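Student: After the structure tokens below, expect a handful of questions from me.
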Amino acid sequence: MAKSLRSKWKRKMRAEKRKKNAPRELNRLKSILRVDGDALMKDVEEIATVVVAKPRQEKMQCEEGRCDGADEEKDDMKMETEIKRNRKTLLDQHGQYPVWMNQRQRKRLKAKREKKRGKSRAKAAKGLAW
């Protein structure tokens, strides 16, 4: 399909705007990422998710051999996220597909599974016939 003059003009203007604002944006990002500094956490939270450093420090201490009760917390965390999933079919123990899988793919895999299941049942029925 041909590109319209309007879309070409819009693209050109966006590119010029990016060129104009690039130094300002770069300075803003540098000020946010500056470790020593003046950057406010609110600015950082606008751009990225902030992770608290405490769990990482505890992990480092455990590696050095100074663990004290952190094992209990790890067990609790495992309990929350422990999902047993079949690697071949991607189904979990409740028969649910992963959240990231789209509906078409789920439907296709289900149909494939049902088709395979139907073939095996038909063969068993045929073998039982007198």
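Using N, Cα and C of the backbone, Cβ positions are placed for all residues, glycine too.
According to Swiss-Prot:
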COMPBIAS  1-21  compositional bias 'Basic residues'
REGION    1-23  region 'Disordered'
COILED    10-78  coiled coil
REGION    57-76  region 'Disordered'
CROSSLNK  Lys78  SUMO2 cross-link
COMPBIAS  104-124  compositional bias 'Basic residues'
REGION    104-130  region 'Disordered'
Student: Over the coiled coil (10-78), what is the model's average pLDDT?
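Tutor: Here the mean pLDDT over the coiled coil (10-78) amounts to 71.
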Student: Within the compositional bias 'Basic residues' (104-124), how many residues are helix, strand or coil going by DSSP?
Tutor: 21 helix, 0 strand, 0 coil
Student: For the region 'Disordered' (1-23), jot down how many residues DSSP puts in helix, in strand and in coil.
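Tutor: Within the region 'Disordered' (1-23) the tally stands at 19 helix, 0 strand, 4 coil.
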